[in-house]
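Noted in TrEMBL for the protein shown:
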- A:32-57: transmembrane segment (TRANSMEM)
- A:63-84: transmembrane segment (TRANSMEM)
- A:118-140: transmembrane segment (TRANSMEM)
- A:146-168: transmembrane segment (TRANSMEM)
- A:189-211: transmembrane segment (TRANSMEM)
- A:231-255: transmembrane segment (TRANSMEM)
- A:302-325: transmembrane segment (TRANSMEM)
- A:345-368: transmembrane segment (TRANSMEM)
- A:389-411: transmembrane segment (TRANSMEM)
- A:417-439: transmembrane segment (TRANSMEM)
- A:460-478: transmembrane segment (TRANSMEM)
- A:484-502: transmembrane segment (TRANSMEM)
């Protein structure tokens, strides 16, 4: 067990870059300091949010529901994070061969990644809940009961969310393999869909407007603090403990007994392909585009994290066009004297989906250690950019076509408005794709060890996300003002910005420092 | 002709790299690049093939300067890295097609050269498998196929014999000799001194980022064996 503990601490130090703080290379130390600062900043921001909800609930005389809300947020955030990260890394890590070569027991090697995940999530949960207790106990009392509940919840929340998402992921994967429909896009959409369905169902049926009420309704902890000593509360806790124990036992059993089977399923995609003797030569651009498609669809994590908005916009449009979302045109409400219509909200959703895409912002980094192929090939950055940007644009093509149809058939906009809004949508999509690529060109990172590290936590993705957040209100305001001239002006500005950035890309280089 | 003049490269935040290296190789030359681990061989090679920027100096292949026209420069080179990281989700065939597309090869020339390379490297069946299923040696062989198929004027190999079986090693040694006799320039780093002694006509020994030996193999071997010279040079570290 001591070996396992040392190994876990050693790996954690590497993953969090703490080990790089002792590097003799100044650049490596600097990078480690930035990364660690980023992690600390993100965690402090979350703690700040915990303070905010405590104050907000207290002002609204609902402080007793604090742990119900916090439990719910932690549960859903961990769950969605687990699904976006995927479980392939838990079954077979990049350093699996190293782990198996160490003097640890076979079951320890098999469960190493899963236990690491459990432990990190438990420590994070415990820290957040203890911080929450410090805020709430003076206001709500029940010191001993709260401390006991916090300790139990620190096990329950991370274990149940991890176990549940693991079971859903494995079930979806196996069913898709059974019906021969498995690919990363289908697997990603169905897994996430199944996990969030109860949340969406509870939101729709809650009748509440505020998101805090939505999460309170969707919490696995059902009773507020003032009922902490009541029988229903105790029963709720007992059921959660039972669910935790059963699901943990089940997941550990599956991982230990069917590890090779699960590992083979990951590698199944690596089996022999259909033999076709003829070698085909394409133009460099088409060759690069095909390569980009293969690279993109090769990673469940990459697909998971970037398919949400393109798929989401298609699903929303289909729901509107088929009447699953009925009477959308009759919806409106007043906000600060301004009437918000369904068309406004729909426009907001469409543009936010397009802007919040980060496919290109990690596309260069995603080359990883294979980047030497592009660096030594006779291609310039512009050609490489072509393939990577086009992937993101193509992902949105179905969504944009359906959006145009909805604008025309549901909101009955004029042809001129339809053309303008579609052009604005397309130019915004190109703009954000080019921004993402350019940012990644300046902040590449090739030495990553897990897909999540590059897809969600890289500097390129974070910088692009910040730029997107700034872009959204500017474009949305122009659309809300409903002035065609202003929208055309924005299109012109976007096209000018795209041209400028493409020139910058042309002069840029992927060559390593 | 490959001309490297006063090449200097130091990594940010460290003092490792290569200093003031000059090198001139002509058609038909096979140059061995030798040095202890961390001497700067890979840094130099990565600078010459355009993976790394370099702080000072000039790299030219015939009249093409790497910094001025990298696309044309790279169209004339073939490179094999020390660790062949490839696109795991691609089949060997898809990888070859990608490289052929990037080098704008003609279908008939590709067909002819591929048939020869796939046969010689015993890769005809494996080419349809995904790269992720390949061993280190198979990846190395795929890289060799991809770099040799477009007939590069400059072939740069970073420790090419690591992971290759004896058959593939024999093939590569013969191919290097035959390509050189046809006018290609070959530069390769290695720790296999016996092979270098046999096939190379030029030698560069690096120590702590500096070229301590930069001469013809014939001149060097007049003084002592390659093993002795190497030990002598690296013992001063």
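Glycine residues also receive a Cβ, built from the backbone N, Cα and C atoms like all the rest.
Here the transmembrane segment (A:417-439) has Cβ contacts under 8 Å with residues 347, 350-351, 354-355, 357-361, 363-364, 385, 388-389, 392-393, 396, 400, 403-404, 407-408, 460, 463-464, 467-468, 471, 475, 479, 484, 487-488, 490-491, 494-495, 497-498, 501-502, 504-505, 508 of the same chain, all six or more residues outside its ends. Nonlocal intrachain contacts for the transmembrane segment (A:389-411), taken as residues 6+ away from its ends with a CB within less than 8 angstroms of a stretch CB, comprise 289, 292-293, 296, 306-307, 310, 313-314, 317-318, 320-321, 328-329, 342-343, 346, 350, 353-354, 357, 359-360, 363, 417-418, 421-422, 425-426, 429-430, 433-434, 436-437.
Through the fold, the transmembrane segment (A:146-168) approaches residues 67, 71, 74-76, 78-79, 82-83, 87, 90, 114, 117-118, 121-122, 124-126, 129-130, 132-133, 136-137, 140, 191, 194-195, 220-221, 225, 228, 237, 240-241, 243-244, 247-248, 250-251 of its own chain, all at least 6 residues removed from its boundaries and within a Cβ separation under 8 Å. When Cβ-Cβ distances under 8 Å to the transmembrane segment (A:345-368) are tallied for each of A:63-84, A:118-140, A:189-211, A:460-478, A:484-502, the top count falls to A:460-478. The stretch in closest packing with the transmembrane segment (A:63-84), judged by the count of Cβ pairs under 8 Å and taken from A:32-57, A:118-140, A:189-211, A:302-325, is A:118-140.
Residues 16-18, 20-21, 23, 63, 65-66, 69-70, 124, 128, 131-132, 135-136, 139, 212, 457, 459, 462 of the same chain, all 6+ positions outside the transmembrane segment (A:32-57), place their C-beta atoms under 8 angstroms from a C-beta of that stretch.
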